[in-house]
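Participant: Below, the features straight out of TrEMBL:
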ACT_SITE  B:His170  active site, proton donor
ACT_SITE  B:Cys271  active site, nucleophile
BINDING   B:Leu28, B:Asp70, B:Glu75, B:Asp76, B:Arg95, B:Arg142, B:Val265  substrate binding site
Amino acid sequence: MTTEVGSETEVKEKAEESADQPDQSEKATEETREVASAEGEEKGKEKEKEGKGISKFLPTWLKKQKSLSQTSPTKDTALKEEAISVEKQEEEGPAPEVNGLADEVPEKEAVKSEQLKEKEEKPHSKASTDTEPAKEEKVDESVEKSPEETKETTEGQGVEEEKKEQEGEVQGEGEGGGGGGEEGQTSIFQSPLRLVRKTKMKLVVCHVTLLDGTDFSCEVEKRAKGQFLFFKVCEHLNLLEKDYFGLTYKDNHEQTSWLDPMKEIKRQIRSNNWQFAFNVKFYPPDPSLLTEDITRYLLCLQLREDVASGRLPCSFVTHALLGSYTLQAEFGDYEPDQPRPVDFMSQLNFAPSQNKEMEEKILELHKSHRGMTPAQADAQFLENAKKLSMYGVDLHHAKDSEGVDIMLGVCANGLLVYKDRLRINRFAWPKILKISYKRNNFYIKIRPGETEQFESTVGFKLQNHRSAKRLWKVCVENHSFFRLNTPEPPTKPRFLTLGSKFRYSGRTQAQTRTASSLIDRPAPSFERTSSKRISRSLDGAPMISITEAGRDSAENGREHRLDDSKSPLRVHVDNIYDHDKTQDEVLKHQASISQLKRSFMEAPPPSPPQTNQWEKRLTSSPATAVRVQQQQVVSEPHAEAAAAAAPAAADCTISDTKESAKTAEVEIEETVVIQEVSKATKPGLVTVTTGSPASAPTDQETREQEVTVQEEVAVPKDAKAAKQESVSSESESEEEAEYHPNVSVSLSHTQIPEEKEEEEEEEEEEEVEDKENEDETAEPNMLAPDVSSHQAETSHPAEDISGGVVESQKEDMKKNAENEKEGRETEDSTDDLMMTPEETPNGVALSEEAVTGLAAHVGEEPEPRMNGEPRPQVICCSEPPVVKTEMVTISDTFAAQKTEIATKEVPIVHTETKTITYEAAQLDGTGDGEPGVLMTAQTITSESLCTTTTTHITKTLKGGLSETRIEKRIVITGDCDIDHDKALAQAIKEAKEQHPDMSVTRVVVHKETELAEEEED
Amino acid sequence: MAALMAGFGLYTHAIVRGIPASLAKEALRTSEAEVDVDKARGEHDAYVEVLKTRLGLDVVELPADESFPDCVFVEDAAVVCGDTALITRPGAESRRGETEAMKRALKALNLNVVEMTDENATLDGGDVLFTGREFFVGLSSRTNQRGAEILADAFKDYAVSTVPVLASLHLKSFCSMGGPGLIVIGSSEPAQKALKIMQQMSDHCYDKLTVPDDIAANCIYMNLPNKGHVLLHCTAEEFPESFKVFEKLKDYTLIPVSNMEKVKVDGALTCCSILINKKGSI
């Protein structure tokens, strides 16, 4: 700890001037902390009422902390009281506050109840599995793994997984199709945390519209990941070849999006509309290669819908032919003896422009199919459907460089460009070097042709950044699925991250084929339903019911309401457990990492010279194509980072500003960094220190808020068990991301030079970051935690060293397995995968412990923000033991009233930087100022729509104590009506929830606001 | 590819039209050549004879119309694929009237006839290359984007890609299909460039057969029962070098067809007939 303190102070200098006992208080004993917290709570409340914005929320987490520490059986009553008080607060506080607190109440109670049950129950399957935390739970493993593992595992292994999953499903899928009981035991170690989750039991009923038009409802834990629901649906459908399918939902803008299996459902839907649709996501180019008839049947259902709705255009004859096969499959042979009712045919929906003539033709053709089994009819249907030119093409509206409306079609082979119904260009996957988006622009970098010397970048303009991002994701996924043998390995322990880090997490087509070839079960029987499909629109009245175990209905209702009020933007804090799990994965990955070519974020074109400069070349004339040089970008972020580092407190979050000025777009960015440190020492006092690092004002046009929260956990541990984790969360720009569609090694050995260069550049950049981090730590023993996975290729010495340490630590861990609830032992992956889009604001969070976080920003469109007012705020941490200091630097005191700004036509440039540090008093552990030995470090990034979280976990062995430090960096990017304070509060709360046994030692809020107003199209 | 293309080249009917005397003087042409109508008629008769007698197609012979000097080039008046026939709106105004007789003939064959009525659209059938899996439409002096769009609407099952045609009259002035998945292409730079574009635009892989003379690349491929692969191509007399290339094709029934006169008014082999498959259609 001391180490941390020392470095913190160094870094923070300014920030901590005011802080009396900045860092040393960290090691306070638990008891003290409890007391402190209890006291603080009261005061906190009072202040909360008064406080505004972020400060309001701080008390919340402090309290939470208390509640967590009180978790001991004796303090049940205290808990109750707390809960009550919290509720009061909620009621009193303005809406935003309420939001922030909403989840806490239930949780506290959950904690209570959990304790009672703690040891008796086995994983309360449903509840536990549903939760995100489930990730780390081994029970879930298979489910979670499947996507991840597939990446590394060979195809054969993939098959095994498949089996596992099957088993899991058969067993009772409460576990989320998890793999087998083998892992059940590990849960013991995690029990405390687990139970918390378990008992939480906030269940939500999800309604999934199936392909036959029926509705499937099931309960999922409120924090369940998309995957869980998806597996539930697949289980219900008895579907094994599920990789071709996915769930969709309608976002707030009525756009249909794919539910990311690796992310919490709740964070994706952003509304309380738990309404989904089960759809084909990847149309197999050759359906005859599917293994099971049931899979083909489902594909048929999708295609029938596609055809009937006009999404899949086809000729009159094809309509008739497809319709006739449908009749044969659903009704069997044509029976002349039993004529159907006159309107029989017209009740069936075959085509958008169905008429009598077509129906007659269908019937006529139907007669010719006599004797064909339903499966055969389906197969014939597919044979004809697959030839259609628009089969499997996912169309997106866009404009070309001249503003002409076009359509971009993503399919198995690449990207198609349509104008009206004409194909005017096509970019096959092998032709594409990079896919990126920035704001509402979508770019693809094209491999130079034989006669061309330079690669060219073609740009398209999407309706808005969400559309651009959606298109980008679809491209990434389709490329991965169809083009790669194995998914591109996640650059880091994290597999799926949005923004620039988003990668396809599932199996590729090659993998799923291999897996399904091993399916060994009797063909499942299933009923074919009539084509008289009901309307399957998603916009039906939201039918949501949330049930919360142990809560009365009234509370439920409230929960619900609170959720509703949550703004579209939410802070997403990654779950540590998830990370643990990912750590495991990382280890597994490591062997294969070296051979896997990583493509990582590269700065998107520095600044598309002008929005209208991006262009598309239909005839691909190189001259006209916009060439964007990527190198420039590299330097910028660092410069900024360096600048920011100095002023910033221990946690430096650096964001790089975008060239928003040029585009005159308003970017609102927030970065939240949450650090949690768990020490193996005694409970410490919670002290809140506020440092005021005048963080480097970023661009005038951006508005950022960075919050760093450090949590220190006082968990008694054996001296032996040394554990330090640091989690840094990074968020990245929501508005831009890149993807290099490199083909995995197996597929493409021919990486063109250009690509390599790019990667090198990127690596350079990352290395720079690493250096910075190391400098910060400046501890001989410290291993640079930030080794980006792609750098694995270059092999960092640090990794090796740490590897050895890790091993020794493992042993210790085993011995003290019980003590280590986190059970993340094994996965001390030394490599930290931090990927930052070069271009995007790279933030580097530096803490003493060499905790690095990246702050990314999510730039969003210039929409009015509800909160996030830059006003200086009074911080309300008034717990006796807690020392809080607040420094708020506001360069511009313009009280931005979002609404006003939004409506203004004239670009307003407004810069405001505010950094607030809350720090807990620390009990000084053994070696203050001593670096300790870094046991492990890992970084995980997760992202939700508007926020990105990078979690950096480092475990350090210091003087016989293990210390785990988790630093989370959350970047909140303001969208229209984001309540940043609320988001922050939510982030903190979630961090607390995720690490109940840890204490928050520091919260640094870095808020940068820059506004330039521009009308969005 | 070949498997997917099964049925490609199978025809049962052909529509041809006589040569009006006005062809000699009034037919549109890009060169100044003098056309001997009698010679041209001789060539054309031989051509029709091959279709009718040698290949056994049902040939519908439309009478020539003196008011339409170019009417022998029936290909431009309609695009037939499957049982759908699109009556075009030829780019040359003087030829617009040619479609009337064609429309009647196609309707008589019970084809599903679609007409291009949009006055902003122009399309010559000579700019339409159907590969069996998709269409390529040349954007030329005779064919515009709108015409291509209407074609795409008429044949919804297939992808329709556009290809700029700058140096020649029609897209098929330098290319044609020589078999399933085989594109015969001229060796000129514009031809090769167009081929590249087509390859880029397509999801399918095509083989190419390059012939030295662009116009020789226009040939007629059929796959007929009991006859297998049939290729009507240029004669040795006309294009000796290209002829040698065709001669190397194996397993083909090669039928050289003279086109010396019609080529003077930019008529190629494919221009003189519309091929229809009535059996295969559903």
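Note that Cβ sites are derived from N, Cα and C of the backbone, with glycine treated the same way.
Keep in mind the model is a prediction, meaning the values are calculated, not measured.
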Participant: For the recorded substrate site formed by B:Leu28, B:Asp70, B:Glu75, B:Asp76, B:Arg95, B:Arg142, B:Val265, which further same-chain residues have Cβ atoms within 8 Å of the site's Cβ center?
Facilitator: B:Ala27, B:Phe73, B:Pro90, B:Ala92, B:Asp124, B:Gly126, B:Asp266, B:Gly267, B:Cys271
Participant: For the recorded positions listed here (B:Leu28, B:Val265, B:Cys271), tell me which residue's CB has the most neighbouring CB atoms inside 10 Å.
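Facilitator: When each Cβ's neighbours within 10 Å are tallied, B:Cys271 tops the list.
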Participant: When DSSP is mapped onto helix/strand/coil, what comes out for B:Asp70 (substrate binding site)?
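Facilitator: In three-state terms, B:Asp70 (substrate binding site) counts as coil.
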Participant: Which ones, of the binding-site residues B:Leu28, B:Asp70, B:Glu75, B:Arg95, B:Arg142, have a Cα no more than 10 Å from the Cα of the residue listed as 'active site, proton donor'?
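Facilitator: Among B:Leu28, B:Asp70, B:Glu75, B:Arg95, B:Arg142, the ones whose Cα sits within 10 Å of that of the residue listed as 'active site, proton donor' are B:Arg142.
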Participant: When the Cα of B:Cys271 (active site, nucleophile) is compared with the Cα of each of the binding-site residues B:Leu28, B:Glu75, B:Asp76, B:Arg142, which one is closest?
Facilitator: B:Glu75
Participant: Write out the long-range same-chain contacts of B:Arg142 (substrate binding site), meaning residues 6 or more apart in sequence whose Cβ is under 8 Å from its Cβ.
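Facilitator: Within the chain, B:Arg142 (substrate binding site) has Cβ neighbours under 8 Å at B:Asp76, B:Pro90, B:Gly91, B:Ala92, B:Thr122, B:Leu123, B:Asp124, B:Gly126, B:Asp127, B:Leu169, B:His170.
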Participant: Run through the Cβ atoms and count how many others sit within 10 Å of the one on B:Asp76 (substrate binding site).
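Facilitator: Excluding its own Cβ, the number within 10 Å is 27.
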Participant: According to DSSP, which kind of secondary structure is B:Arg95 (substrate binding site) found in, if we only use helix, strand and coil?
Facilitator: helix
Participant: Among all chains shown, work out which of the recorded positions B:Arg95, B:His170 has the most CB atoms within 10 A of its CB.
Facilitator: B:His170
Participant: Kindly assign B:Leu28 (substrate binding site) to one of the three DSSP-derived states: helix, strand or coil.
Facilitator: coil
Participant: For B:Asp70 (substrate binding site), which residues of its chain lie six or more apart in sequence with Cβ-Cβ distance below 8 Å?
Facilitator: B:Leu23, B:Ala27, B:Leu28, B:Asp76, B:Ala92, B:Ser94, B:Arg95, B:Glu98, B:Val265
Participant: Around B:Glu75 (substrate binding site), how many other CB atoms lie within 10 A of its CB?
Facilitator: 28
Participant: Based on DSSP, name the secondary structure state of B:Arg142 (substrate binding site): helix, strand or coil.
Facilitator: coil
